[in-house]
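Copied from Swiss-Prot, the annotated features are:
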DOMAIN    2-163  domain 'Thioredoxin'
ACT_SITE  Cys50  active site, cysteine sulfenic acid (-SOH) intermediate
Amino acid sequence: MTLVTQKAPNFIAPAILKNGKIMNNFDLKKYSNGQITVLFFWPMDFTFVCPSEIIEFNKTFEAFEKRNVKIVGVSIDSVFVHQAWQNTFPENGGIGKIKFPMVSDIKHEIQKSYHIEHPELNIALRASFLIDENWIIRHQVVNDLPFGRNIDEMIRMIDALNFHNKYGEVCPVNWKHGQEGMKASQEGVSSYLKKYFS
């Protein structure tokens, strides 16, 4: 089920913050505070593909921060398991210190509200949601468990959202930051296709 164009479900749940402290009533909407937010889910801590994704989000954190974008991650593990995972070095299967909140969905309520629960295993699929300033989901991608997500694609989508908001133009195939957009009109598409596809 796609949630694109719909209001993002809010939640209040325990989380471990970037300073390592545990917050029992982390409020997603309050934390986002009107900023674009990337909300992503992973199946479980101390597994296989998951640490590579979280470490990559952490490595590219500044790229999100300079775009004024918040990152929040969620899994069904407790905050104490999140904490133990952060306290484990990557060479031992851990993730080290993380610069964004890691939420505990121990009751599975959050993954159900976003409709990304695995039908048999009752864990989250690898889902990412781009939530805009008006709390609308503008982009969603869901991968099956064996396949890691593309962090660069999320950054590209943030750039596309910002471009559209600023100029009112749409972003054609393979659009990247710095490239020309397309006016959403018959004249606009004709001009663009003539320039790039003729």
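Placement of Cβ uses the backbone N, Cα and C atoms for every residue, glycine included.
These numbers come from a predicted model, not from an experiment.
Neighbours of the residue listed as 'active site, cysteine sulfenic acid (-SOH) intermediate', defined as other CB atoms within 10 A of its CB across all chains, total 21. Secondary structure from DSSP puts Cys50 (active site, cysteine sulfenic acid (-SOH) intermediate) in a helix.
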